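What TrEMBL says about this one:
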type	residues	note
DOMAIN	93-522	domain 'Major facilitator superfamily (MFS) profile'
TRANSMEM	94-116	transmembrane segment
TRANSMEM	136-158	transmembrane segment
TRANSMEM	165-184	transmembrane segment
TRANSMEM	190-211	transmembrane segment
TRANSMEM	223-242	transmembrane segment
TRANSMEM	248-269	transmembrane segment
TRANSMEM	332-355	transmembrane segment
TRANSMEM	370-389	transmembrane segment
TRANSMEM	396-418	transmembrane segment
TRANSMEM	430-455	transmembrane segment
TRANSMEM	467-487	transmembrane segment
TRANSMEM	499-518	transmembrane segment
Amino acid sequence: MEERNRELRSASATSSTSSITEYVNQVFTESELELSRGVSIHISNDTQYVENPLNSIPYYEKEKKNLDNVVDFTHDSQELENSILTNVKNLRKMYVAALVVLMFPVCMGITATYSATATMDMKKAHSSIHPNSDQVTWIGSLMAIGALIGGTAGGYFTNSLGRKGALVLNTVPFVVGWMFIAYANSTGLIYLGRVITGFCCGIISVTTPMYLVEIATPDVRGLLGASFQLFVVIGVLIVSFLGSQLTWRYLSVSGGVASLIAASLMILMPESPKWLMAQKRRGEAKNAIIFLQGKSYDAEDECLKMEDEIQSQPKGSVQFQEFKAPIIYKPFLLSILLMFFQQFSGVNAVLFYTAEIFKSAHSSLDPIEATIYVSIVQVIATLVSSLLMDKAGRKALLLFSGVCMAISLVVFGGFDLARTQNPSIVDNYGWLPLVCLMSFIAAFSLGFGPTPWLMVAEMTPVRFRGIVSGIATALNWTFVFIITKSFKAAEETIHGYGVYWMYSAFCIASLFVTYFFIPETKGKNIDEILQFFESKMVEKS
């Protein structure tokens, strides 16, 4: 009898398993079943339902059968709470943290192009301050001086205060700087406010990319890293739109409000786990990882990896003699050249003085509206660039960018020359300045905007990456100052068309440097890239 009962129970279990398997095949799609490989069916004596691991169907009641069974969809011995949807939900916290920290680049974009619309408004009758042409150039360019100082000091603050700490505390001088501008009764206070807010932008430009890389999982690290430039240009678009609605004083208040919102949300986010591990705060690092990646993520294993990485870092400071090696000085020089051509394309002269440029070109379009159109194009082109970066390649985008920028500037210069000789040309071709500048900004955003920053890191060995990136960043802000401060003087000396043709000449020069000396880094690891520089003669990549 006992043997007969065992046979019946076995048959019952087999029947139950078969019916459950049929149910699974009916309920789940092929993609869901693919995700549930390794499913095991467990027969128990105290359960009368089937749990769906994707939580789309909460249970399945067995009808008219007193069979005790449950399907336990587990993968790698994990609990059901660690199902796919749970993991996705937890991963979203990483994206939330990324979106929050990316609000700081938005603030940076607002600061960078504040002068484009603000200086136009200052010249109107309602303004108590009316800067002359030279003062306008200082309002535009002093931000770069502040950013140069902030970028240089950013490494110290980021390492001593943490990524989160540096960004949150950075908001205090940021708001103070904006208030100096908002309540200014002289251009001197505006200058001071621009230097302070520029300093804060320098801190942001160093700290934000670091935080993004350190909280991201490897599969999305490139996407989040490339988002920095995108959110900067979103800030440019915001200030362009607000500048058409607000006076320059209220526009500066909006800059302070934006930085306060970013800091308030950042307080709720965790510190960088890697920085916490470097400070030997292992418990906080584990909690940060769990917050960002979810409870199912192996936080202890991640801490061990970070610990090994920190311990494996070369000891001692970088020596000057080490820069004599081709794999060091060649990418170092190319990094400087990329930053040089990025800024001497004239992009920040265009962005800082967009409204002024349209006004001086006597375009048929409203200067403020034209600024908004240019900003919209910049956002779209930057988004497209981030999608193409790993498909088209860095070198191809740089070449395409240089060609299109040169053509746009040559045509714009030709229009400006024709206008000075025949003012009536504006009646029929007043739209041409907008098309030229939109084409120029789109081309810049596709290549020379984001690519140099990426290639500086890709071309440089890890040991020298910090110092090379720091020098390249400092020089970049120096070039920004030179271009923005000299634009008006150059315009008065060689006229608008002369300035645009000069910038186009730099764009053409960038094509030769890119074609003959810049390596293609797409899909290559650092060792493969360094092989390019080890050859005695640099060959075309």
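Any Cβ shown, glycine's included, is placed from N, Cα and C.
Counted over residue pairs separated by six or more positions, the transmembrane segment (467-487) shares at least 3 Cβ pairs under 8 angstroms with the transmembrane segment (332-355), which defines the two as touching.
The list of residues near the transmembrane segment (430-455) in space but at least 6 beyond its ends in sequence, with Cβ under 8 angstroms from a Cβ of it, reads 225-226, 228-229, 233, 334-335, 338-339, 341-342, 345, 347, 350-351, 354, 357-358, 361-365, 370, 373-374, 377-378, 380-382, 384-386, 388-389, 394, 397-405, 407-409, 411-412, 415, 510, 518, 521. If one looks beyond the transmembrane segment (248-269) by at least 6 residues along the same chain, the residues whose Cβ comes under 8 Å of a Cβ in the stretch are 96-97, 100-101, 103-104, 106-107, 110-111, 114, 117-119, 121-122, 127, 164, 167-168, 171, 174-175, 178-179, 181-183, 193, 197, 200, 235, 238-239, 242. The highest tally of CB pairs under 8 A with the transmembrane segment (94-116), across 165-184, 332-355, 370-389, is held by 332-355. Long-range contacts of the transmembrane segment (499-518) within the same chain: residues 334, 337-338, 341, 344-346, 349, 394-395, 398-399, 402-403, 405-406, 409-410, 412-413, 416, 448, 455, 487, 490-491, 538, 540-541, each at least 6 residues beyond the stretch ends and with a Cβ under 8 Å from a Cβ of the stretch. Only residues 6 or more beyond the boundaries of the transmembrane segment (165-184), in the same chain, are considered here, and those with a CB under 8 A from a CB of the stretch are 101, 104, 107, 129, 154, 157-158, 190, 192-197, 199-200, 203-204, 207-208, 211, 249-250, 252-253, 255-256, 259-260, 262-263, 266-267, 271.
Fewer than three CB pairs closer than 8 A are found between the transmembrane segment (370-389) and the transmembrane segment (190-211), and contact between the two stretches is not assigned (pairs 6 or more residues apart).
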